[in-house]
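Colleague: Here it is, the structure, as structure tokens.
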Amino acid sequence: MASKEIKFGRTAREKMLRGVDILADAVKVTLGPKGRNVIIDKSFGAPRITKDGVSVAKEIELEDKFENMGAQMVREVASKTNDIAGDGTTTATVLAQAIVREGNKAVAAGMNPMDLKRGIDLAVADVVKDLQAKAKKISTSEEVAQVGTISANGDKQVGLDIAEAMQKVGNEGVITVEEAKTAETELEVVEGMQFDRGYLSPYFVTNPEKMIADLEDVFILLHEKKLSNLQSMLPVLEAVVQTGKPLLIVAEDVEGEALATLVVNKLRGGLKIAAVKAPGFGDRRKAMLEDIAILTGGTVISEDLGIKLESVTLDMLGRAKKVSISKENTTIVDGSGAKTDIEGRVAQIKAQIEETTSDYDREKLQERLAKLAGGVAVIRVGGSTEVEVKEKKDRIDDALNATRAAVQEGIVPGGGIALLRSSTKITVKGANDDQEAGINIVRRALQSLVRQIAENAGDEASIVVGKVLDKNEDNFGYNAQTSEYGDMIAMGIVDPLKVVRTALQNAASVASLLITTEAMIAELPKKESAGGGMPGGMGGMGGMDMM
């Protein structure tokens, strides 16, 4: 086992604080409408320019192991906030730094760290309660656009694109952000359920110009196994032919004799048909087939349920107004599943999202939820250069997450004003002087956001805080973009409650841990052993007479 270096008490905390400061100082320059960019060197390709706090935090790794521990703890604040709320990473970092700094001073003055922590926890709970009471629910598309604009650093077009996307696919719908090949940013909306499987044979195409198979008022056969034997499919094919309606087959695969016969029938015009592979793999494939069944009002033909393909009747098939199949994707529009069944399935998937601990599983469940709940919108981000596109994509990702958070829990006045106002509303009392000091640490830390935004805008922080607090109105604040004072909500400067709340709770949680640290252990760097010397040369040839 490698030797370790241990630091105690004040020395440990000072080292840790230095690491916290280095990371937080790099991140906090990005805060606010006049926040600056940070350039990150990449081992390949052009440097990355970003104003996204978590992207900056993730790049920081310090040489000193003890300083690095402090930096990594604050990085954890940014990452956790990003995972839960999708935005507010810079806010969380600034708050964590402010609480750690003030807490460190209090510990150095001889106060009990555990009581300070209890005081901090009491104050944070009180502030969260105050914020929840002040939050305003979002109802209009304009309010959604406002939140998006603020998070995208004042880019109105981004706000409008996000508002339009949410209007079209619903609050639960999937909105993805991709890099475009053009200079313009555009929005594309896919209604209905889309999955990434195309037709199994180009002979199924009905529109040769676009290479798409369009089926109207269609029956859908869902089968979880491979279909290779034609005999077992004949009864259901004959039943569908008699209705004169088209049929879509979704199965693990359709191959051999079965596929050949379907293609021949399609070409002869006897049967309007198309076949695609089922989406996903393993258990996820079963779940997605079940989703399609619920959406279209059909049944998945599965041996688990004891249903044989030979005994399938028309009422076991799903129905949809339209199915559109390209080489890569299949879109089912307006399935005829019962609304109550779809709502039940949506509730079930939401419960699974709450329970899962895997980010990957959560992402896949959210995709399934969106496909059932409304549709998919894609924002394609354009720009003149690759660097510009990446920077813009970062901002749109943040704006999208902030907007979702705002729809969930409502909005509060932005620009750090909600927290500044809450600092004057903390009424909770500590059980002793040290807990009271912990409460005061939070009071002072809540001013740090407005101060930092003002500093980044080139204004005097103390004057800004003073002017805002002089006027006792919840929404009255400071607009750093124009250096004016007024009603923040009326000016469209709002923050999602979920983002502000998550940032504060995570910052206080990690900062409390840092304050209560008394010892730090790190591995000593390995001493490189010096390489062996060169072997000696040949000795002199003494004693030999030269002839």
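Any Cβ shown, glycine's included, is placed from N, Cα and C.
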Colleague: Swiss-Prot has Thr30, Leu31, Gly32, Pro33, Lys51, Asp87, Gly88, Thr89, Thr90, Thr91, Asp495 down as binding ATP; which of Gly170, Gly173, Gly415 does it also list for that site?
Modeller: Gly415
Colleague: Given the binding-site residues Thr30, Thr90, and counting only Cβ atoms in the protein chains shown, which has the most within 10 Å of its Cβ?
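Modeller: Per the Cβ count within 10 Å, the most buried is Thr90.
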Colleague: With H, G and I counted as helix, E and B as strand and the rest as coil, say where DSSP puts Gly415 (ATP binding site).
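Modeller: In three-state terms, Gly415 (ATP binding site) counts as coil.
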Colleague: List, in sequence order, the same-chain residues at least six positions removed whose CB sits under 8 Å from that of Gly415 (ATP binding site)?
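Modeller: Sequence-distant Cβ neighbours: Gly32, Leu449, Val450, Ile453, Gly477, Tyr478, Asn479, Ala480, Met488, Ile493, Asp495.
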Colleague: Compile a sequence-ordered list of residues in the same chain as Lys51 (ATP binding site), six or more apart from it, whose Cβ lies below 8 A from its Cβ; state 'none' when nothing qualifies.
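Modeller: Thr30, Gly35, Arg36, Asn37, Val38, Asn153, Glu391, Asp394, Arg395 - these are the non-local Cβ neighbours of Lys51 (ATP binding site), listed in sequence order.
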